[in-house]
Structure formats: structure tokens, C-alpha cells
């Protein structure tokens, strides 16, 4: 089994990485950061997001597993005191692969039709660079839906619906559903300006195209990466053809993750 371990970079996570690598030597597992079969994230959910983007070019060949060294994270299956058991499971069993939908974002520019493509595991958030009101036309399935005015828009995946989307009042969507969710960030609604004012859940075969009305620089935050874009003509969102693969060695149902992350106390776990 070829593996690689990515850490948060703090002393606790780095120490746990070295401990795991020593265990793995006993099982003759091969460290291979270029072509791993399994990527182990040690840290928090942010570390797993970084791991996802580092290996997003080979998603069909790699599976991810999270070990959390802080508070319980949403993508975590394992805690530090369980790593020896995890390594035994990796070595001795064929792991189950659970696939989650991803979000595809295509940025198109006014410069000769140039475009860039991104994948998001959690969400893509759009705001203006200078903090002014974002004014965009929202088109669904090729038809104009609304002109949005407000602080921004958040488009999330089902697994990402538990992150920023939840804080914005969006719905929680089970990741077995191939969908994306569009949630408003402080929209302007009065007698003159009007938006739908509710999160929109779109199925896989629907495309959302957003076109800036003004020529403001757009600040796009895709998961943990924030990039400013100039001369944006449109931003296209849809459920990606690719999926992220997680290695499962024991049951950890989605709704239990939600319960453990947002409802139960440490004493109840």
C-alpha cells in the first residue's frame, strides 16, 4: 500500500505523523507522495481541504482519511489514540470507498474568452474585492432568474453544506444527493431591489451562470484558497463529474457526523 501523510504543521500533528510512519515501516508500507493510494490528513478539516487540493488531479486513484489532532472535525474518522488501529486496518483490509460530490467552478474572462477551472470540496464564495455591494445576474439553466445585490453568494457541495453555508442559514444536504446549494450573503431586499431570499438547491443536471453587472474585481474563495479575479465575464457552477473518495474502515454515518459536530457534547461521545 502506497501512502502519504499531510499534517497541519503543528508539533502535535508532526509528532503523530512520525509515530505513524514508524508503525507503517513495520508493515512494509511504502511512502509515496507522488502516487499514493491513500492520503492521510493529520490536523483539522482545513488540513484535509489542503490535501484534497494537492491531489485533486488524481481523485480517481486516491482515497482520503482524516485524523484529527484538535477538536472533532467533520471529515474526521480517527483520533490520535486510534492511529495504530487505523494502520492495522489499512494494511489488513480492503477499505470501503465512500464518494462525495464536488463543485465545478469555471471562471470566464473578458480577455479573449480565457477561462480557468476549479474544484471545491466544501464551497465557493464570491464577493467584491473592495467590500462594495456585489451586483450580479443569476441565470439558471440558461434562463435569467434574478439580479442579486448584497455582500456575496456562497455555492456549496452537500458535504460543504455543514460549513459556511450552515452559518448563512442554508440547508444541510446528505452527500448521497448529487446537488449544489446557492446561499445568499446579506442580500439587499426592499421596495426597489428584490431577491428570492432563500437558499436554492440545484440537481446535477442544472447549471448556474453568474454574470457581474459592474466591473469590480471579484474575490473568489474556493474552500481555503482566496483569489482575486479581474475582468470577469461570468462564473459557471455545476456538480462536477469528479468525486472525492474517502476510505472507510468502520461506519460513520453522515447524520452522526452532523450530530457529533453540532449537537452532542464531548461527554456524550
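Numbering starts at 1 and runs along the chain as it is shown here.
Cβ atoms here come from the backbone N, Cα and C positions, even for glycine.
Residue 45 (active site, proton acceptor) counts 24 other C-beta atoms within 10 Å of its own C-beta, drawing on all protein chains shown. Under the heading active site, proton acceptor, Swiss-Prot lists 45.
Annotation comment: Swiss-Prot describes 45, 46, 122, 123, 149, 151, 186 as NAD(+) binding site. According to its DSSP assignment, residue 151 (NAD(+) binding site) is in a strand.
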Top Cα neighbour of residue 45 (active site, proton acceptor) in the set of binding-site residues 122, 123, 149, 151, 186: 122
Among 123, 151 [binding-site residues], residue with fewest other Cβ within 10 Å: 151
Assigned element (helix, strand, coil) containing residue 186 (NAD(+) binding site), judged by DSSP: strand
The one of 46, 122, 149, 186 whose CB sees the fewest other CB atoms within 10 Å, among these binding-site residues: 186
